[in-house]
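Before any comments, here is the structure.
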Amino acid sequence: MSKSDYIQNMFQTKSFVDRYKYTEKLTGLYAQTLVDYSGVANTSQKPLVVLDNACGIGAVSSVLNHTLQDEAKKTWKLTCGDLSEGMLETTKRRLQDEGWVNAETKIVNALDTGLPDGHYTHVFVAFGFQSFPDANAALKECFRILASGGILASSTWQNFNWIPIMKAAIETIPGNLPFPTQKEFIALHNAGWDSESYIQSELEKLGFRDVKVIPVPKETSIPIDEFFEVCMMIIPYLLPKFWTEEQRESHEKDVPMVLRQYLQDTYGANGQVPLEAVALITTGLKP
């Protein structure tokens, strides 16, 4: 299974989608930051035509709807696009529950969107470029569908501490079982998107101007039970890449118990897991 197959298969499964809400404690930390850095709330462009690309369960769209003035939302158009029907079902419920105005959900393949040329004033891609099967193709699509003067705003992970926490838990299992470091985990995804210079170069090569790539650190904490769910969303897709079949047969069934025990021993039975991350917030203008 290729890198892209592993990621794409993961996003399509029901168990992953069901648990994805817990990741918003992590990814959602940056939704407001991404919207703020895009300048969308202060732009003179009217009407706004916005694509939340690879929208997941709608964290960025939710922030947009809470941030923009009612006057702007009277004339704007928001499209929440994702390739996962399960994600879009959750986003659609959120759209209805929160009363988003002039918004729609749509199946969108970020690599080949089928959306019109030069159409959008803003395209948001929150933590998508590291997961796309072809990040360069997705970036070209963003450039193509943006109108002149349009803004691309994206977030990508530079570093975070949750993979090291999982690794420490797995290492309590006897047998010297392998588990990726943070660097090895990031290497499973598209290379370069954790580097300011790489991102700036890629956007400028394509024609973006006024490119800014800013590292933004954040800290939070979440209950053990929620962090456990995040781990169990990710670990089943990592073990086949790092464990032999024999190791999986012998130890995979023990992972949930071992993980929970490690978290309770480390942070207390009802404790909070401290999470730290740095994301790169990127903005670029299409001339």
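If you go along the chain as it appears here, the first residue is 1 and each next one adds 1.
Note that Cβ sites are derived from N, Cα and C of the backbone, with glycine treated the same way.
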THR27, ASP82, MET87, ASN109, ALA110, ALA126, ARG248 bind S-adenosyl-L-methionine according to Swiss-Prot; which of ALA54, ALA153, ALA277 goes with them? ALA54
Which of these, CYS55, CYS142, shares a disulfide with CYS80 in Swiss-Prot? CYS55
In the chain carrying ASP82 (S-adenosyl-L-methionine binding site), residues 6 or more apart in sequence that have Cβ under 8 angstroms from it: ALA54, CYS55, GLY56, LEU88, THR91, THR105, ILE107, VAL108
Give the three-state DSSP assignment (helix, strand or coil) for ARG248 (S-adenosyl-L-methionine binding site). helix
Among all chains shown, work out which of the recorded positions ALA54, CYS80, MET87, ALA110 has the most CB atoms within 10 A of its CB. CYS80
